[in-house]
Every structure is written in structure tokens, then in C-alpha cells.
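Please see the structure below; I have some questions.
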Amino acid sequence: MAPIKIGINGFGRIGRLVARVILQREDCELVAVNDPFITTEYMTYMFKYDSVHGQWKHHDIKVKDEKTLLFGEKAVTVFGNRNPEEIPWGGTGADYVVESTGVFTDKDKAAAHLKGGAKKVIISAPSKDAPMFVVGVNEHEYKPELDIVSNASCTTNCLAPLAKVINDRFGIVEGLMTTVHSITATQKTVDGPSMKDWRGGRAASFNIIPSSTGAAKAVGKVLPSLNGKLTGMSFRVPTVDVSVVDLTVRIEKPATYEQVKAAIKEESEGKLKGILGYTEDDVVSTDFVGDNRSSIFDAKAGIALNDNFIKLVSWYDNEWGYSTRVVDLIAHIHKTCQ
């Protein structure tokens, strides 16, 4: 079968890591990248060297000319257009476009890519109006007529598989989530202006910063039976990658913590293998850098108050795990449309 041809709009943290994922897969081909803010030469540097995930060592990357990068012998077309409708994706053969600028996250804005010849757009962020899919949870509900979809957020990708298992096995009455989340590119290195979120403008490397997140509520969109039952918040902490979800839930069907652990372990080795992980090791956050699973349940970190009230802890590489799911979702969409 011919590889799935993919273009990337926005060569930031997620854009570059999605590119790394694509280039390591046999079933996918990176054909084009658009970013108006960096040159091809700088693109090669940013792709090759990564402070978190290390140096790219799979094949040489070099500039062929202003409009072309070479990954080994593979040519990738480079554009520098600010307006999505002006990017000629069709000319490169890119059927799927990963929208990873963080700017064009609603359906109307993301639809501009279709004008340039793309057939499907996958938004690598939550969307207010595009249907959201979480691989392992609701991707089977994708219909071929949907041209613009969202891969939800990294936190929703961690929380949803765990919540699905607990809800399917024991029933969730209600719950609260906290994510202890690594810093991201939108934060400030030193105190600076942030009109919409005053706390978010404080120095990222020096503070624990309470923040809002729609990740828990978004679970209700991918699992309608949980709509209105979960909400949550975030603490931004001074680590550069890997985050952890703390999910505290009241369950309908009484169960010991051992029974809950056993259910999660069983699912992690079955239907959710590769998506949901399970560990009983004494792990810390850096142990999950580069982990491509969406959610790794930490059996030793959780606790139960009684047989109906439990706290569950699950790790995720909010960069690499999420980027892997973006490409998995594209592969699923492609298969569904055949």
C-alpha cells in the first residue's frame, strides 16, 4: 500500500515531533512543511537538535534549496505562507494536513487548508467546534465525510482511556482531575504580560502556577456518558516535559483498589495495549520521556479512601505521546476512508 502523504502547518514543538514520528513510520510519508517564521536552514537545526528528545540520528537532514529539505534522500517541500488558504498542499500530494500552529483551531479556520488541496485536516489541539477523537477511546466513531477533526489535547488523551476503563468496569458517579503539567511554549521565561491569564505570565521556571484546563470536560465530548461528570484544573510546574494526571472519582460499583488496579492492568494488556500503560515500579517523571503511550497508570501512586472513592495517577509524555497519537489518528482515518 502507498504511504499516507502528510503535510505539517507550524513547525513548533508538536509540528517537529509529529515530523519525527512520521519519518520513523513505514506507512506514512512527510511531503511538505509550512512555517512563515523560520528559514529552511533554521528548520534543519531545530529539527536536528532537541533539548528534551535528543539529537535526530535516523538520517541526515540538509537544505537542498530554499524550498526543499532532504531527509536522507527524501525531499520535503517547504512553504512560508501565513494564510492557510495560500499553501499549495495539493501540488505536493499532501492528502492530510496536521494543523499545529495553535492558531487555526476551529473548523472554519482549519478548512482553509482544503482550499490548497488537502483532503483532511487534523488539528493538534482541542477545538470548540471540530469533532474530537481520542485514539483508543472513540476513534471508531469517525465517519469518512468528516474532513476536519481534532486530536483533542495531550491531557485529554491521558485522561480519557483511564476514565473509560473505570467507567466501563465500575461506573463513574463524578470526579475531579488535576494535571501536574510541564511548561509549554506559551509560558514566560521571566515575569511578563499575560492579560488573559495573569498567573500564566509569571516565570515558568521558578513557579508552580495554577491554571485552567478544559481536558476533563472534553472527556465528556469523546465519552458522552461522562458528560457533566468530570471537571479539572492544572498546575504548571518547572519541568520541560512529561506530565501527570491525578483523577479522583466516586464509583458506582464498590471495588477495592486492588480490583481497580487489576482492571486497568487487564485493559492495558488487551484492547488498550500501546495506548494505556501500567507500572508498579517506583517511577518519576523523566522515566517517561519519549514514551509513546497516551497514559501510563502508576499503580503505587494511587490510593483509595474506601471502596467507592479512589485517586488514580497516570503519567504521559505530553509532547511525544501526543504527537504519536496525531499520526495514529491519521492512519485510522486513512484506513476508514479506503
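Even glycines carry a Cβ here, placed using N, Cα and C.
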Which single residue out of Arg82, Arg169, Arg236, Arg250 does Swiss-Prot record at the D-glyceraldehyde 3-phosphate site shared with Ser153, Cys154, Thr155, Thr184, Thr213, Gly214?
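The candidate from Arg82, Arg169, Arg236, Arg250 that Swiss-Prot ties to D-glyceraldehyde 3-phosphate along with Ser153, Cys154, Thr155, Thr184, Thr213, Gly214 is Arg236.
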Given Swiss-Prot annotates Arg13, Ile14, Asp35, Arg82 as NAD(+)-binding, which of Asn308, Asn318 belongs to that site as well?
Asn318
Taking the mean position of the Cβ atoms of Ser153, Cys154, Thr155, Thr184, Thr213, Gly214, Arg236 as the D-glyceraldehyde 3-phosphate site, which residues outside that list, in the same chain, have a Cβ no more than 8 Å away, listed in sequence order?
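Near the D-glyceraldehyde 3-phosphate site, the remaining chain residues are Thr179, His181, Ala215, Ser234, Ser243, Asn318.
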Per DSSP, Cys154 (D-glyceraldehyde 3-phosphate binding site) is which: helix, strand or coil?
helix
Would you count the other CB atoms within 10 A of the CB of Thr213 (D-glyceraldehyde 3-phosphate binding site), including those on all shown protein chains?
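Thr213 (D-glyceraldehyde 3-phosphate binding site) is surrounded by 22 other Cβ atoms within 10 Å.
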Please report the Cα separation of Thr155 (D-glyceraldehyde 3-phosphate binding site) and Asn318 (NAD(+) binding site) in Å, rounded to an integer.
7
